[in-house]
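Below is one structure, written out as structure tokens; the observations come after it.
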Amino acid sequence: MDTIKNITIVADSNIASLDEFFNPSMLGQTSTQSVNIVSVAGRDINAQLLADLQPDVLLIRSVTPVGEALLANNQSVQFVGSATIGTDHVDQNYLATHNITFANAAGCSKHSVAQYVLTAILALRPQCWQQSMTLGIIGLGNIGSTLAKYASELGWQVLGYDPLLPASNMNNASFEQVLSQSDVVSLHVPLTDKKSTDKKAKSAKEAENINDDYATRHLINAETLAMMPAQTMLINSARGPVIHASDLEADIERTKRQVVLDVFEHEPQIDEGLLSKLAIATPHIAGYTLEGKLRGTQIIYDALCEKLTVTPTQSMHALLPLNMFLWSELKAHPDRLIKFYDIMQDDAALRNKTIDGQVNGTDFDGLRRDYHLRREWQF
Ligand SMILES: NC(=O)c1ccc[n+]([C@@H]2O[C@H](COP(=O)([O-])OP(=O)(O)OC[C@H]3O[C@@H](n4cnc5c(N)ncnc54)[C@H](O)[C@@H]3O)[C@@H](O)[C@H]2O)c1
Ligand SMILES: O=C(O)[C@H](O)[C@H](O)COP(=O)(O)O
């Protein structure tokens, strides 16, 4: 791609600061070269649009599925960047076999999501500021391990389960122990699927380094929910289908469990039956801080610069206003939580969109598109 004169980029309009990062000067272009950036809603990026525009670069977030259906007739795309941590919407094997470079934004919002989880717990159980409790964490990667650090700052015990990492003082329990012995269980796994006998699908999983003995789709279902005492809170800010939605609804009906969902199995449509039973519900915004979103853009911008063999010159730090949100201040003044993050406002905004027994996809997406990005607390 380093020989391309003019670069055409199709990008999800929800990517933060697109124009500040992806312009001729920041992409090392000379005055005779241009960067043409076409930004559209992520769900509107389709094969026809790519055929019409013939972009060199595709920049997405989590709502654009990327694989054969999108790229079968592609003659132009050489780089796909997803400004997200999750990659379940991208067929990475397809990209690799078609010689298309892929980058995602690993870890970009790890503090934001951990702070979302902490806020949810402390909003529902303010006594946890003072009292120790046991936090169960399923998946101890970037977000899970960051959450564990906040938990230890608050003097909470952590029971962690991650079968793909070595045992440690954090990775210290079985799946059953986490579910049955925690006061709160928080999920931080990628969405992955079970083994396929289809050879092609199997090698795709190998290429993406997914160990499907530990597939996470419906990890939380009627059987595993039955391992959790009724008073155990459950939080999902990973991916919706990690929890079987109708099993969860039946479980809440039976146990009156406190459940916090930022992600939903049938997102972006949300059924009121489930929504009305949740303690807190938000529209997939756990990672939506200014810092989390800009870091996502920065990571894919750096990767594109590498592909173009140019030195990155834009830095998110030049774009960030002063941040006054200090974790040390909040820790000393728990009563300021609502000023740091008013999670119940996000909850109310989602519930207010209920019409005829559901929140429709357009309204769910609208809440995310127009979200007033909060600030990440400085840890
Ligand atoms: N709600 C949001 O706004 C938001 C924001 C960012 C990320 N996410 C989601 O959170 C997920 C986790 O993010 P991360 O940065 O921690 O990812 P990560 O890749 O750093 O960590 C995921 C961890 O899960 C572990 N894991 C995989 N299968 C498991 C299983 N069956 N049981 C237990 N552990 C398992 C992996 O070994 C890994 O350590 C992402 O994949 C993404 O889908 C959501
Ligand atoms: O995986 C991620 O990084 C998050 O789920 C991300 O915040 C999703 O946001 P979206 O791409 O849908 O805007």
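Placed from the backbone N, Cα and C atoms, the Cβ positions cover glycine too.
Note that TrEMBL annotation is computational and uncurated.
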If I go by TrEMBL, which of THR84, THR297, THR309 binds substrate at the same site as SER62, TYR288?
THR84
Co-listed NAD(+)-binding residue [TrEMBL; alongside ASP162, GLY287] among ASP183, ASP193, ASP251, ASP262:
ASP262
10 Å Cβ neighbour count around ASP262 (NAD(+) binding site)?
27
Any further residue of that chain within 8 Å (Cβ to the Cβ centroid of SER62, THR84, TYR288) of the recorded substrate site:
ASN14, ARG61, ALA83, ILE85, GLY86, SER109, HIS284, GLY287, LYS293, GLY296
In whole Å, note down how far the CA of ASP262 (NAD(+) binding site) lies from the CA of TYR288 (substrate binding site).
11
Give me the CA-CA distance between HIS284 (active site, proton donor) and ASP262 (NAD(+) binding site), in Å, as a whole number.
5
Recorded positions whose CB lies under 6 angstroms from ligand 1, from SER62, ASP162, ARG239, ASP262, GLY287:
ASP162, ARG239, ASP262, GLY287
Residue from ASP162, ARG239, ASP262, GLU267, GLY287 whose C-alpha is spatially nearest that of THR84 (substrate binding site), among the recorded positions:
GLY287
